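For 17, 208, 209, 210, 211, 212, 283, 284, 285, 331, 332, 333, 334, 335, the entry in Swiss-Prot reads ATP binding site, with the evidence type sequence analysis. As annotated by Swiss-Prot, substrate binding site applies to 91, with the evidence given as sequence analysis. According to Swiss-Prot, the active site, proton donor/acceptor annotation covers 148, on the basis of sequence analysis. Among the features that Swiss-Prot reports, site 'Transition state stabilizer' is placed at 180, 241.
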């Protein structure tokens, strides 16, 4: 067994994902999810060597109790694994302009994450709770923060500055930051390997499609544009997020329809997207089932989702100049051959030609090209953000 193990923590507001990752191979030794924090049925599920386990955490428990359970109840059963953990790696959604790469956590880093909390009010406070819980449970291990926004810090000003008064950026940091950076980094790197090219000479467009979704143009291994903005709300149609809309709709909802700003924020983040259009579900699998059954709302939601995505992909050929591959990843990108086919058909101007057999095969964790050899390459690469976090954690300890 490797001695390069890292405990990776991804703390949400009401959940905590964890995995013990071999930084050399990307294999997980143990992985799991603690969820329903603050509720009576707070629980934890985990998997070891394909075997699944579940336990109650106790009513109204949260991050600290979950980390303590991982240490005492799970790792306590696998002391050989626990002894080889070299670091704790934390996913942090927003690092603003302060953090352009992964860092070892100290008091100044914690203060910086707190400063960025206004840009990610649902995520950064939860990450801080997880960091403090991990520090209490693993006082002797270094803690590393890996930021979703860091990969996008290579974008030029023309891509990240909004057409608002410049002082709003200069004085308040209002700009495009982007998300899913760790995923876009991983799949763009893997795409270069699959193409047999040097990363510095590889131009790809990465579509990370899940309940949250974003597209990134990656030129020579660096992000040059991305669809999410100041927050994850901008860009594509998502599970419950609206993505791009006319900003004046906000004022129409408030002034004409009597919404409060909090209600508008909730509407755009939690009631829109696939759920709002379909009036059925935010789950893409349910949308596809509805589409197959002729459900009008599901059909419209699917068409808008694919159309918006194809438009973004087409526009991102502009900063690249040359496209070596289009890469699909994330839960939807890795598993929905229907959506991939629809998007590629909408991109007919680029001469993508779907290979039905390849497209069917590239699902459920299988990587591969999904187009014929007669035109541009589109491929599926399953993401592995935890591996990137583990690699960064180990590299920072050298």
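The backbone N, Cα and C atoms fix where each Cβ goes, glycine too.
Feature map: annotations from Swiss-Prot on the structure.
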residue: 17; record: ATP binding site; DSSP class: strand
residue: 91; record: substrate binding site; DSSP class: strand
residue: 148; record: active site, proton donor/acceptor; DSSP class: coil
residue: 180; record: site 'Transition state stabilizer'; DSSP class: coil
residue: 209; record: ATP binding site; DSSP class: strand
residue: 241; record: site 'Transition state stabilizer'; DSSP class: coil
residue: 283; record: ATP binding site; DSSP class: coil
residue: 332; record: ATP binding site; DSSP class: helix
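Ranking the recorded positions 91, 180, 241 by Cα distance from residue 211 (ATP binding site) puts 241 first. Sequence-distant neighbours of residue 17 (ATP binding site) (same chain, six or more apart, CB under 8 Å from its CB) are 9, 10, 31, 32, 33, listed in sequence order. In the structure shown, the C-beta of 180 has more C-beta neighbours within 10 angstroms than that of any other entry among the recorded positions 91, 180, 241, 285. Shown are the recorded positions 148, 283, 334; of these, the residue with the fewest other Cβ atoms within 10 Å is 283.
Taking the C-alpha positions, the distance from residue 285 (ATP binding site) to residue 241 (site 'Transition state stabilizer') comes to 17 Å.
For residue 332 (ATP binding site), other Cβ atoms within 10 Å of its Cβ number 27. Pairwise Cα distances among 17, 208, 209, 210, 211, 212, 283, 284, 285, 331, 332, 333, 334, 335, which the record gives as the binders of ATP, peak at 22 Å.
Residues within less than 8 Å, Cβ to Cβ, of residue 209 (ATP binding site) and separated from it by at least 6 positions along the same chain comprise 236, 309, 328, 329, 330, 331, 332, 333, 336, 339. The recorded positions close to residue 180 (site 'Transition state stabilizer'), defined as a CA atom within 10 A of its CA, are 148 out of 148, 283, 334. Around the Cβ of residue 211 (ATP binding site), a 10 Å sphere holds 17 further Cβ atoms from the protein chains shown.
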